[in-house]
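A.B. asks: From TrEMBL, here are the annotated features:
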- Cys57, Cys61, Cys64: [4Fe-4S] cluster binding site (BINDING)
- Phe63, Glu157, Arg168, Arg176: S-adenosyl-L-methionine binding site (BINDING)
- Asp99, Ser132, Tyr155, Arg221, Ser261, Thr282, Ser283: (3R)-3-methyl-D-ornithine binding site (BINDING)
- 43-263: domain 'Radical SAM core' (DOMAIN)
Amino acid sequence: MKKVCRGNFDKADLEILLNPETKEERKLILQTAREIKEKYFSKKFFLYGFVNISTICKNNCSFCFYRKKNTKSIRYRKSKEEILKASKHLVREGVNLIDLTLGEDPYYDENFEELVDIVSSVSELDVPVMISPGVRDKSEIERLRDAGATWFALYQETHTSELYDRLRLNQSFKEREEARENAADVDMLVEDGILLGVGENKRDIANSILAMKNEPLAQVRCMPFVTHEGIPLQKQELAGDYALITALLRITNPRKLVPASLDIEGLKGIKGPIEAGANVITSIIPSNFNLAGVAQSEYGIENEERSPKNVRSFLRKRNLEHATTEELFNFCGSTEILF
Ligand code: SF4
């Protein structure tokens, strides 16, 4: 563990930590991660509002509810007015960032300037904007940045190319990596992430943790896979649980942002990663806007479990704090972010 905390580690060291022999060993890893989080971010959490602007996608990722071939999936493409209305509501309710997510919707290939215009309007709301537009070329990424997007999110899911080919069918491993590099090159803050329970082993996870450590990222995450109706992939045994891998991401990325996602099991699902060094709560979705999640398309949305108010109350009950948007802007401008 000391080697990993010092940043001087290899895959074999990570594999050992992915396999704690006793409950005490696991507890120590989580506690170390929590202490690192508190050292750099105190008891504060950034809250991310999530607006899924299009569930239409040309791809067929084997793990995804919104894959093109899934006839059971919810499909919509929100108008700019609908997106702005939901975003304004989230900002009024105190979220620190708006995360605009979409499938690789062919409409926006043809009408890319409309996406740029949406980003431009949302970025006038005085919170950082994250965009997850799928693989885009460098000039398109620059257009999104110029429109006001601070963050570019694009998950590799795994950094083992053979497993990647089974998950992101007919999509280039390299182009996905390059899109993140291009975003970092044009000074956007970049997020990568991995999926758990999709056929990976401990070596694959160690490989991903090391790869993400070496990428120019500002936010790193892991997410357990959720089984969906109508898709080919079935949940497989986890090679490491959500909290443990979150802890290892925190330990190996002390100053970066590490999310806990409401998209898995709502508030219940974020308890583990919060105890393991996460400092962001993502996938806050308002009710009454007919918005869908990603891993969980409906869970916790219309009953307000994922509302900003409910998340703030969850933090208060645990003596945790909601960070200010100014603190997030300061973080986004910090030069220490990549270390
Ligand atoms: S993961 Fe993204 S790119 Fe893949 S099918 Fe789903 S929405 Fe499309």
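Note: Cβ is positioned from N, Cα and C throughout, glycine not excepted.
Keep in mind it's a predicted model, so treat the numbers as computed, not measured.
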A.B. asks: What's the CA to CA span in angstrom from Ser132 ((3R)-3-methyl-D-ornithine binding site) over to Arg176 (S-adenosyl-L-methionine binding site)?
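C.D. replies: With the alpha carbons as reference points, the distance is 12 Å.
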A.B. asks: Check the binding-site residues Phe63, Asp99, Tyr155, Arg221, Thr282, Ser283 for any whose Cβ is under 6 angstroms from an atom of ligand 1, and report them in sequence order.
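C.D. replies: Those binding-site residues that pass the cut-off are none, since no Cβ is under 6 Å from ligand 1.
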A.B. asks: For Thr282 ((3R)-3-methyl-D-ornithine binding site), what residues in its own chain, 6 or more apart in sequence, show a Cβ-Cβ distance under 8 Å?
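C.D. replies: Listed in sequence order, they are Tyr48, Phe50, Asp99, Arg221, Pro259, Ala260, Ser261, Leu262, Asp263.
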A.B. asks: Show which residues of the chain containing Arg176 (S-adenosyl-L-methionine binding site), separated from it by at least 6 in sequence, have their CB under 8 Å from its CB.
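C.D. replies: Result: Val135, Leu154, Gln156, Arg168.
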A.B. asks: Quick check: with Cys57, Cys61, Cys64 left out, which same-chain residues have Cβ atoms within 8 Å of the centroid of the [4Fe-4S] cluster site Cβ atoms?
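C.D. replies: Along the chain, the qualifying residues are Asn59, Asn60, Phe63, Phe65, Tyr66, Arg67, Lys68, Gly103, Glu104.
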A.B. asks: Can you tell me how spread out the (3R)-3-methyl-D-ornithine site is, meaning the largest CA to CA distance among Asp99, Ser132, Tyr155, Arg221, Ser261, Thr282, Ser283, in Å?
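C.D. replies: With Asp99, Ser132, Tyr155, Arg221, Ser261, Thr282, Ser283 as the binding residues for (3R)-3-methyl-D-ornithine, the largest Cα distance is 16 Å.
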A.B. asks: Over the domain 'Radical SAM core' (43-263), what does the predicted model average in pLDDT?
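C.D. replies: Here the predicted model's pLDDT, averaged over the domain 'Radical SAM core' (43-263), is 96.
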A.B. asks: By CA-CA distance, flag whichever of Phe63, Tyr155, Glu157, Ser283 among the binding-site residues is nearest to Cys57 ([4Fe-4S] cluster binding site).
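C.D. replies: Comparing Cα positions, the candidate nearest Cys57 ([4Fe-4S] cluster binding site) turns out to be Phe63.
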A.B. asks: Specify all same-chain residues, apart from the site residues Phe63, Glu157, Arg168, Arg176, whose Cβ lies within 8 angstroms of the center of the Cβ atoms of the S-adenosyl-L-methionine site, ordered by sequence.
C.D. replies: Cys61, Tyr155, Gln156, Thr158, Tyr164, Leu167, Gln171, Leu195
A.B. asks: Quick one: pull the CA-CA distance for Tyr155 ((3R)-3-methyl-D-ornithine binding site) versus Cys61 ([4Fe-4S] cluster binding site), whole Å only.
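C.D. replies: Rounded to the nearest whole number, the Cα-Cα distance is 12 Å.
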A.B. asks: Need the DSSP three-state call for Cys61 ([4Fe-4S] cluster binding site) to compare against my parser.
C.D. replies: coil
A.B. asks: Counting other Cβ atoms within 10 Å, pick out the least crowded of the binding-site residues Ser132, Ser261, Ser283.
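C.D. replies: Candidates: the binding-site residues Ser132, Ser261, Ser283. Fewest Cβ atoms within 10 Å: Ser132.
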A.B. asks: According to DSSP, which kind of secondary structure is Ser261 ((3R)-3-methyl-D-ornithine binding site) found in, if we only use helix, strand and coil?
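C.D. replies: It is in a strand.
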A.B. asks: Of Phe63, Tyr155, the binding-site residues given in the record, which has the fewest other CB atoms within 10 A of its CB?
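C.D. replies: So among Phe63, Tyr155, the binding-site residues given, the one with the fewest Cβ atoms within 10 Å is Tyr155.
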